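Colleague: Got a structure for you, written out below as structure tokens; questions coming shortly.
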Amino acid sequence: MTATTHAPYRLEGKVALVTGSGRGIGAAMALELGRLGAKVVVNYANSREPAEKLVQEIKELGTDAIALQANIRNVSEIVRVMDDAVAHFGGLDIVCSNAGVVSFGHLGEVTEEEFDRVFSLNTRAQFFVAREAYRHLNTHGRIILMSSNTAKEFSVPRHSVYSGSKGAIESFVRVMAKDCGDKQITVNAVAPGGTVTDMFYDVAQHYIPNGEKHSAEELQKMAATVSPLKRNGFPVDIAKVVGFLASREAEWVNGKIITVDGGAA
């Protein structure tokens, strides 16, 4: 391949940072970006061993990666991890904000502490990840935030705090896309539906009526019926869409939220 040849969807020469990528959807995103040729910064808060294992998997794909610890609830740590990423790889082209927490609770029972716990990571942290991404990214960069199909399209009882924390992301994306135009940076979000990760079995019972009466295997089978495609969603399904949004082919996709739930919502 000559220097002037463009390979569609490939990310050679790009540097990507994925927050909360020690496991689950974030890990799949980091691995996919590495598979597409990007150098990857694997950010983690507590999952050091899985993050370091993921770095090795990415390196085995023929690219480079590094694991950097940061609690992105703290803005100073967001700044530090992006500074360190730029110092290590010489630049930054793609920032994916994945870190988040789930929450269930009836409106009448939600505490101030629970509200703040959820919004501090799902909403506030994502805002400042985007701010620092804008400040650190090269021109023609990509910011990809994380919403949820429950933000607007899929209503779930006892889920108002989580849904609201993700709904704010959809407003952020539309306005941030305008703000980032001066650097030719696109801003988009993915909005997954139910996805089978290591957290799936802890939360699936809340999405399915009388879910607490069913086994983990039964819950997964029941969740598969929500999509007209009659299968579960997996982290790689989300990662493939992120890979597209990160690519040159997505340069005309901007300020958009892409729901990735197999048609469930």
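Residue positions begin at 1 at the first shown residue.
Backbone N, Cα and C define each Cβ position, glycine as well.
As annotated by Swiss-Prot, NADP(+) binding site applies to Ile25, Asn98, Arg131, Tyr162, Lys166, Thr197, with the evidence given as similarity to another entry. Annotation source Swiss-Prot lists active site, proton donor at Ser147, Ser148. What Swiss-Prot lists as active site, proton acceptor is Tyr162. According to Swiss-Prot, the feature active site, lowers pKa of active site Tyr maps to Lys166, an assignment based on similarity to another entry.
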Colleague: Using Cα coordinates, what distance in whole Å links Asn98 (NADP(+) binding site) and Ser147 (active site, proton donor)?
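Modeller: Rounded to the nearest whole number, the Cα-Cα distance is 9 Å.
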Colleague: Between Ser147 (active site, proton donor) and Thr197 (NADP(+) binding site), find the distance joining the two CA atoms and give it rounded to the nearest Å.
Modeller: 16
Colleague: Go through Arg131, Lys166, the listed binding-site residues, and name the one with the sparsest Cβ surroundings, counting other Cβ atoms within 10 Å.
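Modeller: With the binding-site residues Arg131, Lys166, fewest surrounding Cβ atoms within 10 Å: Arg131.
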Colleague: For each of the recorded positions (Asn98, Ser147, Ser148, Thr197), count the other CB atoms lying within 10 A of its CB, then report the residue with the highest count.
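Modeller: Counting every other Cβ within 10 Å of each candidate, the maximum falls on Ser148.
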Colleague: If I take the alpha carbons of Ile25 (NADP(+) binding site) and Ser148 (active site, proton donor), what is the distance between them in whole Å?
Modeller: 12
Colleague: Using a Cβ-Cβ cut-off under 8 angstroms and a sequence gap of six or more, which residues of the chain neighbour Tyr162 (NADP(+) binding site)?
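Modeller: Within the chain, Tyr162 (NADP(+) binding site) has Cβ neighbours under 8 Å at Val102, Ser103, Phe104, Val118, Asn122, Ser148, Thr150.
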Colleague: Tell me whether Asn98 (NADP(+) binding site) sits in a helix, a strand or coil according to DSSP.
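Modeller: DSSP call for Asn98 (NADP(+) binding site): coil, neither helix nor strand.
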